[in-house]
Structure formats: structure tokens, C-alpha cells
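> The structure's right below; bear with me while I get my questions together.
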Amino acid sequence: MYSGFLSVLEDKASPAHSTVTLIEEEQEDADPWDMPELKDTGVPWSALDTRGKVLRVLVSVGKFILLLGFLYMFICSLDILSSAFQLVGGKAAGDIFQDNTVLSNPLAGLVIGVLVTLLVQSSSTSSSIVVSMVSSGLLTVQLAVPIIMGTNIGTSVTNTLVAMTQAGDRSTFRRAFAGATVHDFFNWLSVLVLLPLEVITGYLYVVTKLIIDSFKIESGEAPDLLNVITDILTESIIQLDESIISGIATGDPEARNKSLIKKWCQTFTNTTLMNVTVPGPENCTSPSLCWVDGNYTFTLKNISETYNVQKCKHLFVNVNLPDLAVGLILLALSLLVLCSCLILIVKLLNSMLKGQVAAVIKKILNTDFPFPFGWVTGYIAILVGAGMTFIVQSSSVFTSAITPLVGIGVISIERAYPLSLGSNIGTTTTAILAAMASPGDTLANALQIALVHFLFNISGIILWYPIPFTRLPIRLAKSLGNITASYRWFAAIYIIFFFFILPLFIFSLSLAGWQVLVGVGAPLVVILIIIIVINILQKRKPGCLPAALRSWDFLPLWAHSLAPWDKVVGVITAKCCCCCKCCQISADDQEPRDKESVGNNNTEVYDNPAMSAEKETCIGHAQGQNTFRQNS
């Protein structure tokens, strides 16, 4: 795949306009996955006087406080982002859950779990909707299992999007994107194995049912850990009534016309025994509480009336805007704050983690225990990931926080993998505690669904972690990291395809019925398996294949290489940039000609030769326009 790309660049681009030679030299000298050395360019500690040492300590403390502040804002922005997605797509998520005929298809249930979690950006919210539907009898626990699997996949998109903010540096982006997608591959591979197993045997349902029946579990209270700190800020910005989404999913007609934005934070419900008229004696609450007066039948009935006591105090409580408008406003602001905080966190970490400090931290995080206990290190990392996720109460927050650390080289991919697995366990333990806080009538269902989520992740870890050979997600993530480092636009294609196009495609086939799903999906799966097998044989045992299949050269270049597509993307990007630059150059036609000539003679470096060619065309076109204007 890469050979065609490199040969095209070498033939058509001059050395001044291509960095391929530099990249190849770097790759020959060092493994791109080696941990980079964060060198300390400042004055050594021993060379500082007393005033300099005090100043450095104060600066370091100040940076640490700033780091905590930016991390706090980062976590709060993720919370606001989740609220924004719920405002934009929460009611649509409730509508998706309403079609029970589609939910009876396990594959459709899986996809619905992915799509709903993408819409609300919270696996906890998705799970709470499922619990509400199971408790109301609209959904059985067996049908809810694939949906829970889907929520596990949908929640992993957040840290993948966070990795996109580090696309500026090729090496950093390679590590960050691989560190984020190792979580994705674990979830997808676990589903590929466990979903068919669940459909055939009901393994997750049966085991969790035995656990629920074996223990008499009483309801309690779920702990608030990090939320105690973050709610101070987030609840002053927006508060949502998440029961509205559950109401829509369970078919409550009144919920559809209500706003998700919470207006009243304190209410009082008064229940009074009142005389009411009913159509007939059969509608009375009790024969002893029923009497007839002429043509009217009366009975005594408890009437509940809710009074609004105190309004909420968030920013949007008195704003007369629809949920969609408020959601879009919060979405834009939260994304701005999130990206800004992430960039500043990375900058601060780069300035703090240098020299001996970086060496110590990297050694603590990435060094294994001495032989023969080296295998224990990964399991301790899993426990650390679970504990940290339990504290922050969100796997998205934890994995998004370690993604930039992987990018700058503080944490290796091999260590980020067990930390991500631990975050999956941590978020399910939080869900179990939240389920135990459920009312008595919904406790069993809520707890069983939370245990399904927990057992699913434990089973995935057993499949893809204990034996080094089975750690396939690491190899797949590194392969994808190498591709996205060479073709950075492919990262966006990956996110759009695997988290939007593929789920929507499967969901559309599911709506058409089992026959269409099998008729279209089965041939595609068979073709995909054949391609994977041929690829493996080409690398390991090419002699087993016919001569024609020992490489993909018999296919057109665009069918087995990203290089032609990279040219297309480069040309489109150059065209867009050209239009902007042409307008800019035309507007600056009053500038001296010597500046223009100096600008044209400057040597610029491009990864894609189409960029340089298009720029020269653009400048020539703009100069032609200027000449025409001067002559006229």
C-alpha cells in the first residue's frame, strides 16, 4: 500500500517539495512506536542559585494548579457536551427505543445501543433508558443484552474524537490515535465473539439471572464522588430532566411535549382523598366507597397535585428557546472549551514532564515488575484504570484524559490498553452501585442489566488480554495508527464509517427484516472473511496461494492502496485553499511587486505534491487577474 504512494511522490515531486525522504530516514533510524525522550532544555537544577530554585518551584506549583484547573474544565466540558447531545438528540433516542419489533433482532438492538449512545454521549443515560423500558415491561432483559453491548461501543467514540485534536504532529497523532482506538477494537472484537454466543446460549442472561436469584440484595444509595465537585459548575450552566427521554421510550404521551431543560428544582406533591365522579359503579375504587346520586356516580379517590416551589438557578432556566437551539449553543461552547483545555493540558504536560521528572513518571507507568512477576503489572494497571474510572464516574473522561498522555509519549500503547480495559470495569461498577439505588420494583431489572454490562467486559478481558498472543486490539490499533499517520484524513473516514455509516446501514437492513439482513449481510461478511484470510496467507505463507493471489497488484491501484485517494483528497484540499488564496492575493494587489516575487521564490515543504502544484497555479492565476486589471 505504501510503496505505490512513495514511488509516486518520488517521481512527481522535487526534493524541495517532499518530506518523504526525511520520513523514510527517520523510520530507518528508529521505531515510530518507541517512547520519545522529553528533553529538558532549561537550566539544570544544580546550576540555579537560591532565588532561581525558589522561582522554579513556584512556577512548577503554578503549572500544577493550572493543570488541575484545566483538567477540571475538561471534565466539566465533557459533562456539558453530554447534556448538549441529549438536548439535540435525546428525544430522537427515545423514539428509536420505541420500536419493539426492531429491538427483537439482536443485531438491530446492538446498533440501536451504539446510535443512542452516540446521540446522548453517555452510556449511563442509555443504560437508564433500557432499565426504564425493562421495568415497565416494554422490553425483556434478554432483548436488552445486545443494546448494552452497543452502549459499550458507542461510549468509546469520545476519546477517538479527542485524539483528532492532536493531528498536528505526525508521531504524536500516530500514538494518540492508536491509544484511543485500542479501546474501540477491544469493544468491537468482544461483540463479534460474545453477541453470537449470547444469541445461541443466552450466557450473559443466564449467569446474571443466577446471581440475582442467589443473593437478596437490598436497595441502597449510589455514591457521588467527582460529581460533587463538577456539579457545582455544570448545574449552574444547565440541568436536564432525563426522565423525559425514558418517558418517550416507554410511550408516555405527555413526555413528548415537555422540554428536557429542568425549570423547577424543588416541587411539592400533595395527595388528597377527594370525591370524584366516575362513569359507573364498576369504576369505583371500592364498593364501600361508592354511591349514586341521580344520574351521577361518586367515589373517593386519591388525587395528587404537584406544586412548583423553587426554580432552578442555571443559565437557561428563563431562556425561551427550543431544546435544539440550546443544545446547539452548548454543543459549540463545550467543544470549544474541551479542545482548548485539551491543547493547554498537552502544552502544560510537555513543559512539566521533562528531564528527570519525565524519566521517573515514564518508568513508574511503563516498567514491568521483575521476572517472574512481570505479568502482574498489566492486571494492576487494569485495577488502576477501574479505580480511577470509579472516582471520575465516567470511562469517557478517563480514557479521554490518558489519550494525550499516550500522544506525547508518557504512557505506552501496551500500558494504555489495560488501563482502558480497567476503565470499562470501572464504569460498570459505578452502574452497579447506581442500580442498587433504584426503587424496589425496578431493583432486580436494573441490577441484572448492570451485571450484564459488567460480565460482558470481564468476558472480553478474558478473551483479549491474559495471553499476549490474544492482545489483538494492540496490533490492530498500531496498524491503524500507522495508516492515519501517513494519511491523516483516514482518521475521519474511520470514525464516520465505523460509528455512523456501518451502524445506520445495519439498522436499515434490520428494518427491512431478517431475510434482507441475511441476504445482503451474509455475502458481505463472507467476502470480508475471504479477503482477511488471503491477506494473512500473503504475509505468512504466500506459497499456498495461486500466483495471481500472492499480491493485489492485479487489481486497480485505487482498490488496494490509499495513495490514489490521498491524491484526490490533496487536490480537493488544494482547490479549496486555492480559492481562498486567490481571493486573498487579488485583494492584496496594491502590495509592492518585490514582496510578491519573494513570496513566490520561497521554498515550501508539502507532504502532498499536489499542494505545491496547485499553489503555483493559484498564484499564477491571481497574478494574471492583477495584470488584466492594471491593463484595463
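Cβ from N, Cα, C; glycine included.
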> Could you tell me which of the ranges 397-414, 541-558 is annotated in TrEMBL as transmembrane segment?
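Comparing 397-414, 541-558 with TrEMBL, transmembrane segment matches 397-414.
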> Which of these ranges is annotated transmembrane segment in TrEMBL: 102-123, 124-145?
102-123
> With pairs 6 or more apart in sequence, are the transmembrane segment (487-506) and the transmembrane segment (102-123) linked by at least 3 Cβ pairs under 8 Å?
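Between the transmembrane segment (102-123) and the transmembrane segment (487-506), which are separate recorded stretches, there is contact, as judged by 3 or more close Cβ pairs.
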> For the transmembrane segment (324-349) and the transmembrane segment (185-206), check the count of CB pairs under 8 Å (sequence separation 6 or more) and say whether it reaches 3 or more.
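As far as Cβ distances go (cut-off 8 Å, pairs 6 or more apart), the transmembrane segment (324-349) and the transmembrane segment (185-206) do not touch.
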> Cβ under 8 Å to the transmembrane segment (54-81), counting only same-chain residues 6 or more beyond its ends: which ones?
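Result: 45, 48, 121, 158, 226, 229-230, 233-234, 237-238, 330-331, 333-335, 337-338, 341-342, 344-345, 348-349, 351-352, 392, 394, 396-397, 400-401.
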